[in-house]
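J.: Straight from Swiss-Prot, here's the annotation block:
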{"type": "ACT_SITE", "residues": "D248", "note": "active site, proton acceptor"}
{"type": "BINDING", "residues": "G86, G88, R89, K109, D121, G122, R172, R179, D258", "note": "ATP binding site"}
{"type": "BINDING", "residues": "N249, D258", "note": "Mg(2+) binding site"}
Amino acid sequence: MQFAFDNSFHADMQGFYAPAEAAKPSAPRLLAFNDALAERLGFDRRGVDADELARVFSGEELPEGAAPIALAYAGHQFGHFSPQLGDGRALLLGEIVAPDGARFDIQLKGSGPTAFSRGGDGKAAIGPVLREFLVSEAMAAMGVPTTRALAAVTTGERVERERAHPGAVLTRVASSHIRVGTFQFFAAHFGADHVVQLSDYSIARHFPDLADAANPHLALLDRVIGLQCALIARWLGVGFIHGVMNTDNVAISGETIDYGPCAFMDRFAANTVFSSIDATGRYAYGRQPQIMHWNMARFAEALLPAIHRVSPADVEAAKALVDAIPGRFRAAWHAQVREKLGLSTSAGDDAELIDRLFDELEKHSVDFTTFFRALAMLLRGEGAMMQALLPAPDAMAPWIADWWQRIEQDAANPLDLADAMDAVNPLYIPRNHRVEAALEAAEAGDPAPWLELLEVVRQPFAARAGRERFAEPAPADAAPYTTFCGT
């Protein structure tokens, strides 16, 4: 299989990575390949069979032009600074430039130990690999910025975690793997010269329009803050809980990265947590905006040497950007919710309507995803879906009446609004009980349920006959759902 590698990070950023080599798997076998993404990247699959794909995307066979490296980074993990983390179980094969000119990293995740493994085996189990493949594809289909999955390959080996699991390797595609933690590593260990170099590279790669700004490093901070505000608003809009929002899991590209213990909320509760390692609820659904703010403050701290070098006065400007984050996020969030509610204009009392909505959803323990589809059905004159969803006929009645009044202010066609709402409010998400059942089946050797679920979540908005069960939340008496990071 031919790759047109153009490895700018390897060539331009020496000292920011360590050479790496993939472990050779005993019997690689292709589980899934993302043909649509491969086409987007300009890969030519003609004449390439599943065995060759398995060899390449397990790390057994190095493609021509690859320059495998493991990237260095640090990070705040649950609020505590770890000065050296890095790619402990992943290697960057290289970069390709797609036909449209976009540049992407091609990374193998679970490919064996690196210089940053800190005693770990560098491997991945099949469950976390298939979870990231599935959820990242669902997020992409819902329009949420995200890394993507190109391939999943089993290795023929067992990986020891709490018990032995089949080993696997994920091929991840990202605009880059530059993280907030990347800046933190070089700010902590090497100082201003390296931070300036990393910032200059990041601007050239991701945001070339910032190069002519009065202070490009300050402009980078501003841009990344804007992307993160928009990203977290999108997460909240689909009920997504990342689970481990450490600074090493924040990509400056604004893409969702490192799915680990992620999950989706069923019944709305702002304090929802699924991750087994988040005992204090630091990364709960409703705390994600505050954590984003905290992470961006850490990014600003790491960038300060570069910002100060151009203009010492801009240090105060950086502080002002960080202080303004809550307002910027709230604007992004309100715009997101207005879209979900079918509101085509902005009105002064929208903030109160939105805040009351989430109070009501929590009070009545309403399924978050289904509610917005039921709301659209009201615009079509059909109330059965909403009646079945709410615990009592008059539950949320005052709020719904106020929403109707607000809809009428926009003077739009209700049927057109309903269609617009259905185009942004997913019907099918990776429901946790469905994900778990699919992963258990795949680990037992039956990938069919996982493949079916993948097909469903890749088309999240349009209702399809025979797929009704995928829109249903977990049974009310289901045990609490817990996720694990898989490392």
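The backbone N, Cα and C atoms fix where each Cβ goes, and this holds for glycine too.
Predicted, not measured: the structure shown is a model, and the values here were computed from it.
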J.: Could you work out which of the recorded positions (D121, D248, D258) has its C-beta surrounded by the smallest number of other C-beta atoms within 10 A?
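T.: With the recorded positions D121, D248, D258, fewest surrounding Cβ atoms within 10 Å: D121.
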J.: Would you mind checking how many other C-beta atoms are within 10 angstroms of the C-beta on G86 (ATP binding site)?
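T.: The answer is 22 other Cβ atoms.
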J.: Other Cβ atoms within 10 Å is the metric here; tell me which of the binding-site residues R89, R172 scores highest.
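T.: Sorting the candidates by Cβ neighbours within 10 Å, the top entry is R172.
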J.: Quick check for the class: what is the C-alpha distance, in angstrom and rounded, between D121 (ATP binding site) and the residue listed as 'active site, proton acceptor'?
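T.: With distance taken Cα to Cα, the residue listed as 'active site, proton acceptor' is 20 Å from D121 (ATP binding site).
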J.: Under a three-state reading of DSSP, tell me whether R89 (ATP binding site) is helix, strand or coil.
T.: coil
J.: Give me the Cα-Cα distance between N249 (Mg(2+) binding site) and D258 (ATP binding site), rounded to a whole Å.
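T.: Here the two Cα atoms lie 6 Å apart.
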J.: Between D248 (active site, proton acceptor) and G86 (ATP binding site), how far is it from one CA atom to the other, in Å?
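T.: Here the two Cα atoms are 9 Å apart.
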J.: Indicate whether R172 (ATP binding site) is helix, strand or coil by DSSP.
T.: strand
J.: Measure from the Cβ of N249 (Mg(2+) binding site) and count the other Cβ atoms within 10 Å, all protein chains considered.
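T.: Taking all protein chains shown, N249 (Mg(2+) binding site) has 21 Cβ neighbours within 10 Å.
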